[in-house]
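Chemist: According to TrEMBL:
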- 41-63: transmembrane segment (TRANSMEM)
- 90-110: transmembrane segment (TRANSMEM)
- 158-189: transmembrane segment (TRANSMEM)
- 195-214: transmembrane segment (TRANSMEM)
- 226-244: transmembrane segment (TRANSMEM)
- 283-305: transmembrane segment (TRANSMEM)
- 317-338: transmembrane segment (TRANSMEM)
- 369-398: transmembrane segment (TRANSMEM)
- 419-438: transmembrane segment (TRANSMEM)
- 444-468: transmembrane segment (TRANSMEM)
- 480-498: transmembrane segment (TRANSMEM)
- 518-543: transmembrane segment (TRANSMEM)
Amino acid sequence: MTAVVLPGLSGAVPAPLSGHLPLDLSGQPHAAGVVAASEDIGNPVVNIGIFLAFVAVTLVIVLRASRTNKTAEDYYAGGRSFTGPQNGTAIAGDYLSAASFLGIVGAIAINGYDGFLYSIGFLVAWLVALLLVAELLRNTGKFTMADVLSFRLKQRPVRMAAALTTLAVVFFYLLAQMAGAGGLVALLLGIDSRAGQGLVIAVVGALMIVYVLIGGMKGTTWVQIIKAILLIAGAGIMTVWVLAKFGFNLSDVIQGAITTSGIPGLAEPGAQYGGSETSKLNFLSLALALVLGTAGLPHVLMRFYTVPTAKEARRSVVWAIWLIGIFYLFTLVLGYGAGALVGADTINAAPGGVNSAAPLLAFALGGEILLGLISAVAFATILAVVAGLTITAAASFAHDIYASVIKKGEVNPDGEVKVARMTVVVIGLLAIIGGIFANGQNVAFLVALAFAVAASANLPTILFSLFWKRFNTRGALWSMYGGLGSCLVLIAFSPVVSGKTDEAGNSLSMIRDASIDFAWFPLENPGIVTIPLGFLLGVVGTLTSREKGVKAKFAEMEVRSLTGAGSEKAATEH
């Protein structure tokens, strides 16, 4: 296939795109202003072949891991047999989602400095998780976040609330991953019809269901470990390649992006946030959600239960911080590199839009082989993350709602795991349907909504449970339901769902009909309102009620969380 001649491939600082139109195969501006997907994607056979090879290898690993899935502890927590470094790598694999790779690289390529704020927020958030929750959660819980929240409170109402908030966070996160899958395949296979992209989203959902049904947490963990290694290695290779084209001078990379885009302030704050008072509030809201949301993400918290001790949980987070931090440094170079070597107009016009920046950069650097490899890594990223999300949601429903609320604890572990497996199928189907509707949205932004729900509904209750002696059931319920409800309402009536249009009047919201506009909440991320509200409701609910025994239970929980006495132990070797 003829190589695309993109600006800047000679190693010099790129010139601006002629007329700011996308390029066709000859390197000339595409008159129609639309990238020809069927030409610009490399070789679809290579792309699909590399991806299928990854699927085949990981399926073999999942099948091997499934042989030791004998108990509920094996299925939910991998027998608590992973080491700190292994689990830290898996956490990185779970956390570095399609938002991290596709969404953030695209956001930096289009919006420069403001796009990099996603990377900063996602990384800084881990300090909250390390210092406040990782070790304490491992000592106090068993399988899910609700184990911690219900330890000293009334079991049934608290578990039900925790399960519902978990399912809400997982749903938004799954939407982001599925939207990323649709955009990625649109680019690789030239499928620009929404029906075709919907079919691809269905295939990803089916693979996710198979992984989790067969492998449980052990299989999912190994997929995440492999994917983390591939993703960080692939991003590292591309980063070195981009820097090499600019004489290993980051300033030249950034200047190249500025020159290509024609936006002088691309390296300064304000391209996306800061143009108006509303956009400034949007940034504050986003930052709050990102920094505080990680410590309340149920699929991340569940990973702390896969190690044998609290010490290993702490080591896990340290390993995760190093790996995640290195990756987010790569995104800075990749984002500006995509802006310099590909161009914002080409990225926006490509199938998949902003989420196509990383694959297009790979094609600009190494042709169809590198594009195939990086795209397979991106697919692996999506599959690994949706598998982790799905097992979290299944565990939450089966362990918290079915076993503890419906059956009142009178259910054998095998029956609970059967319900979890059935839940996997239902969640997979819902994820496919939701992903079809969310297709085309920026995946980093969709994930930020999941973080807002986690920070509003989960984090206040977790912190109050661990550190406030007087905290009681009413405070927990008010905090979780209030945080969740306010988040969902404000998102539903925000520009995310309706009323947001571009300069041409085309809808940028989930509802594609630009004439439909029922948005009255001006911010796109509700965190600045809902996170303080979640904390406030927890305090008010607690102070307006009394509950016997909570202080005695708190003393027991404090000893267990700080010392590990009575905590769950490793069950099997993996």
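A Cβ is built for glycine as well, from the same backbone N, Cα and C atoms used for every other residue.
Please situate the listed features within the shown structure.
Modeler: Listed as Cβ neighbours of the transmembrane segment (41-63) (distance under 8 Å, sequence separation of 6 or more from its ends, same chain) are residues 1, 187-190, 207, 210-211, 214-215, 219-220, 222-223, 226, 230, 359, 363, 367-369, 371-373, 375-376, 379-380, 383.
Non-local neighbours of the transmembrane segment (90-110) in the same chain are 82, 116, 118-119, 122, 173, 176-177, 179-181, 183-184, 221, 223-228, 231-232, 235, 257, 271-272, 294, 299-300, 303, 306, 316-317, 319-320, 323-324, 327-328, 331-332, 334-336, 338-339, 342, 344, 347-348, 353-359, 361, 377-378, 381-382, 384-385, 388, 442-448; each lies 6+ residues outside the stretch with a CB under 8 Å from one of its CB atoms.
Cβ atoms under 8 Å from those of the transmembrane segment (195-214) belong to residues 55, 58-59, 62-63, 66, 178, 181-183, 185-186, 189, 220, 223, 379, 382-383, 386-387, 390-391, 394, 421, 424-425, 428-429, 431-432, 435-436, 439 of the same chain, restricted to positions at least 6 beyond its ends.
Sequence-distant contacts of the transmembrane segment (226-244) (same chain, at least 6 residues past either end, Cβ-Cβ under 8 Å): 54, 57-58, 61, 89-90, 92-93, 96, 101, 250, 253, 323, 326-327, 330-331, 333-334, 337, 341, 358, 361-362, 365-366, 370, 373-374, 377, 380-381, 383-384.
Beyond its flanks by at least six residues, the transmembrane segment (283-305) meets 76-77, 80, 87, 90-91, 94-95, 114, 117-118, 121-122, 124-126, 128-129, 132-134, 137-138, 141-145, 165-166, 169-170, 173, 273-274, 313, 316, 388-389, 391-392, 395-396, 448-455, 457-459, 462, 523-529, 531, 568 of its own chain at Cβ-Cβ distances under 8 Å.
Sequence-remote contacts of a segment are chain residues at least 6 beyond its ends whose Cβ falls under 8 Å from one of its Cβ atoms, and for the transmembrane segment (369-398) they are 41-43, 46-47, 49-51, 53-55, 58, 76, 93-94, 96-98, 100-102, 143-146, 162-163, 166-167, 170, 173-174, 177-178, 180-181, 184, 187-188, 204-205, 207-209, 211-212, 215-217, 219-220, 223-224, 226-228, 230-231, 234, 238, 298-299, 302-303, 358-359, 362-363, 416-417, 419-421, 423-424, 427-428, 431.
Listed by sequence, the residues of this chain that lie at least six past the ends of the transmembrane segment (444-468) yet keep a Cβ under 8 A from its Cβ atoms are 97, 99-100, 102-104, 106-107, 118, 125, 132-133, 136-137, 140, 145, 148-149, 151-153, 162, 165-166, 168-170, 172-173, 175-176, 179, 285-286, 288-290, 292-298, 438, 475-476, 479-484, 486-488, 491, 496, 524-527, 530-531, 533-535, 537-538, 542, 557, 561.
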Chemist: Taking residues 6+ outside the transmembrane segment (480-498), which of them lie with a CB under 8 Å of any CB in it?
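Modeler: Answer is 161-162, 164-165, 168, 445, 449, 452-453, 456-458, 460-461, 507-511, 516-524, 526, 529-531, 533-534, 537.
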Chemist: State the residues, same chain only, that lie 6 or more residues beyond the ends of the transmembrane segment (317-338) and have a CB under 8 A from a CB inside it; answer 'none' if no residue qualifies.
Modeler: 84-85, 87-89, 91-92, 95-96, 100-101, 104-109, 112, 115-116, 119-120, 122-123, 126-127, 129-130, 134, 228, 231-232, 235-236, 238-239, 242-243, 245, 250, 253-254, 256-257, 347, 357-358, 360-361
Chemist: May I ask for the residues of the chain that lie six or more residues beyond the transmembrane segment (419-438) and have a Cβ under 8 Å from a Cβ within it?
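Modeler: Apart from its flanks, the transmembrane segment (419-438) reaches 75-76, 170-171, 174-179, 181-182, 194, 197-198, 201-202, 204-206, 208-209, 212-213, 386, 390-391, 393-395, 397-399, 402-403, 446, 510.
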